[in-house]
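S.K.: Below is the structure I would like to discuss, written out as C-alpha cells.
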Amino acid sequence: MIGQKTLYSFFSPTPTGKRTTRSPEPVPGSGVAAEIGGDAVASPAKKARVEQNEQGSPLSAEQLVRIQRNKAAALLRLAARNVPAGFGESWKQQLCGEFGKPYFVKLMGFVAEERNHHKVYPPPEQVFTWTQMCDIRDVKVVILGQDPYHGPNQAHGLCFSVQRPVPPPPSLENIFKELSTDIDGFVHPGHGDLSGWARQGVLLLNAVLTVRAHQANSHKERGWEQFTDAVVSWLNQNLSGLVFLLWGSYAQKKGSVIDRKRHHVLQTAHPSPLSVHRGFLGCRHFSKANELLQKSGKKPINWKEL
C-alpha cells in the first residue's frame, strides 16, 4: 500500500540511480522543512517556534500530552504492520507493543535474511504455535526451554515437542519416563507432539524461537531472548497462580524475575541425558503442578491427553 512501509522495507538496499535534490526554499506558508543533502532547513514559522521555546517558553502540558499520544499512536501503527504471521489474536493484543520496537524490527529482518540463505526451523507459520493453542489469559503452566530442535521436521513452535511421526528426542523420552512414575495411568503416547498439553493451557516456550538447520544456538542473542522475556514478564505481572516449571540453570535464570508470592515455581535439573539423574527423575513436577493449580482454584492438567 502506498504510504505504508512494510517490515522488510527497513532492510531493502538503498536504490541507486539519479540523485535528486530539493529546492532549499521552503514552500511559502507551508511550515515544511526543505531538505538539502539530508539536512533539514526549518521554515520561518518553525524557526520562530524554536526560538520562542529557546527563549524560555516551554511546551504546554497539553502539547506534551499530544506529542506523547502521537508517538504512541505511531508506534501502534508500526506494530500493526509488523505482526508476524501466525501470531494468536489474544497474544497479539497484549504483546503488540513489542512489534514496533527497533530490536524486534531488526530481529525479523535477521530471520528473513537467514531464510533467504539457509534452512531455518521451524517454518514461518509454526514459529508462534505457542500463541495459537490457547488464549493468553488461559495459561496455567509455563515450561521454559532454550533453543528449537535443529533437525528436519522436529521443531514446530512448542519447546520439547516434535511433530509426528518424528520419534521423541532423548530429553522428551526422559520427560515421559518421569510422567510414567508420577501420573497414574500415564502411558508413553508413541509420539512426541505435546499439542494436547498446550491446548489445556501449558505454555511450552523456548527462549529462542528459530534456529539454522543443524546449527544449535545459531540464532541466540539476536533479539528472541528479549521478546520471550517480555512474554514471561506479561504473564508474571498480569496473571496469578501460574505454575512455572524451570528445568536447568538456563530456564531458572530466565525465570528469576517471576514473583514467587504471586506464582508457584518448581525447579530441578534439565531432563537431558547429561543431567536427568541430578534431580529430574523423581521430581514429581507434574502431579505437584496439578496440586498447586487446584489450590489456586484452577482445573488441573490432564497430562495423559496427548
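We count from 1, first residue shown onward.
Keep in mind that glycine also has a Cβ here, set from the backbone N, Cα and C atoms.
Sharing the record's features from Swiss-Prot:
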- Asp147: active site, proton acceptor (ACT_SITE)
- Gln146, Phe160, Asn206, His270: uracil binding site (BINDING)
- His150, Ser171, Ser249, His270, Ser272, Arg278: dsDNA binding site (BINDING)
- Ser12: phosphoserine (MOD_RES)
- Ser23: phosphoserine (MOD_RES)
- Ser43: phosphoserine (MOD_RES)
- Ser57: phosphoserine (MOD_RES)
- Lys288: N6-acetyllysine (MOD_RES)
- 11-31: region 'Disordered' (REGION)
- 66-81: region 'Interaction with RPA2' (REGION)
- Phe10: site 'Essential for recruitment to S-phase replication foci' (SITE)
- Phe11: site 'Essential for recruitment to S-phase replication foci' (SITE)
- Asn70: site 'Essential for recruitment to stalled replication forks' (SITE)
- Arg77: site 'Essential for recruitment to stalled replication forks' (SITE)
- Arg81: site 'Essential for recruitment to nuclear foci' (SITE)
S.K.: Could you tell me the mean pLDDT over the region 'Interaction with RPA2' (66-81), as a whole number?
M.R.: 71
S.K.: Of all the recorded positions given, Asn70, Asn206, Ser249, Ser272, which residue's CB has the most CB neighbours within 10 A?
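M.R.: For the recorded positions Asn70, Asn206, Ser249, Ser272, the Cβ with the most other Cβ atoms within 10 Å is Asn206.
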S.K.: Quick one: of the recorded positions Asn70, Phe160, Ser272, Lys288, which has its CA closest to the CA of the residue listed as 'active site, proton acceptor'?
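M.R.: Ranked by Cα distance from the residue listed as 'active site, proton acceptor', first place goes to Phe160.
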S.K.: Would you please pick out, from the recorded positions His150, His270, Arg278, Lys288, the one with the fewest other Cβ atoms within 10 Å of its Cβ?
M.R.: Arg278
S.K.: Specify the count of other C-beta atoms within 10 Å of the C-beta of Phe160 (uracil binding site).
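M.R.: Phe160 (uracil binding site) is surrounded by 19 other Cβ atoms within 10 Å.
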S.K.: Of all the binding-site residues given, Gln146, Ser171, which residue's CB has the most CB neighbours within 10 A?
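M.R.: Answer by Cβ density within 10 Å: Ser171.
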S.K.: Could you tell me which three-state DSSP class Asn206 (uracil binding site) falls into?
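M.R.: SS state of Asn206 (uracil binding site) = strand.
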S.K.: Roughly how many Å separate the Cα of Asn206 (uracil binding site) from that of Lys288 (N6-acetyllysine), to the nearest whole number?
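M.R.: Cα to Cα, Asn206 (uracil binding site) and Lys288 (N6-acetyllysine) are separated by 22 Å.
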S.K.: For Arg278 (dsDNA binding site), which of the recorded positions Asn70, Gln146, Phe160, His270, Lys288 has the nearest Cα in space?
M.R.: His270
S.K.: Given the recorded positions Asn70, His150, Ser171, Ser249, Ser272, state which is nearest to Phe160 (uracil binding site) when distance is taken between Cα atoms.
M.R.: Ser171
S.K.: Work out how many Å separate Gln146 (uracil binding site) and Ser249 (dsDNA binding site) at their Cα atoms, rounded off.
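M.R.: Computed Cα spacing between Gln146 (uracil binding site) and Ser249 (dsDNA binding site) is 10 Å.
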